[in-house]
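Q: I have a structure here, written as structure tokens, and I will follow up with some questions on it.
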Amino acid sequence: MCQSNQIVSHFLSHRNVTNELAEKISKDHYSYKPAETSMSAEELVKHILTSFHLFANVIKEGNASPFQNKQEETETDLNVLAKTYTEKTVAILEQLTEEQLDREIDLTSAFGRKVTGRALLQLAMEHEIHHKGNLFVYVREMGHTELPFYQQRM
């Protein structure tokens, strides 16, 4: 399996579970927060979906400019967003080159350090996994008991 296929496969092994959890959130639970200081379920899902896409764009561009170009999302259906952002992120990941993954990106303004594309990809994956764990808690507290394993077999 080539590098880009491995990256996409690993991404989807986690994203498909994130999307499955998002499917369990009915619109009347979009505003659910487990604590006053928590993101709402809707905010959390949008954060997960858009963050990986943003990180992938930073790797593709080789600089922090995508952080400056955050677009407000007008779509309100989490399932539509999950499908759209997953497809857009996969399209970027499929095109990443070894050069882009090995290139050092100056992210001192965002993270206080320079990182390689590969290191940022790892950070993006860990960010997804971290927040997916949060999402499991939200969905359980909404009353769902039939939940997927944290990672899908690919």
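Heads up, the Cβ atoms here are built off N, Cα and C, so glycines get one too.
The following feature annotations were taken from Swiss-Prot:
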type: BINDING; residues: H47, H127, H131; note: divalent metal cation binding site
type: MOD_RES; residues: Y150; note: phosphotyrosine
Q: So if I measure Cβ to Cβ from H127 (divalent metal cation binding site) and keep only same-chain residues at least 6 apart in sequence, which ones fall under 8 Å?
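A: Non-local contacts for H127 (divalent metal cation binding site): I48, S51, F52, F55.
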Q: Other than H47, H127, H131 themselves, what residues in this chain have Cβ atoms within 8 Å of the centroid of the divalent metal cation site's Cβ atoms?
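A: Close Cβ neighbours, site residues excluded: L44, I48, S51, F52, E128, H130, K132, N134.
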Q: Looking only at H47, H131, the binding-site residues on record, which one has the least crowded Cβ, with the fewest other Cβ atoms within 10 Å?
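A: Counting other Cβ atoms within 10 Å of each of the binding-site residues H47, H131 gives the minimum at H47.
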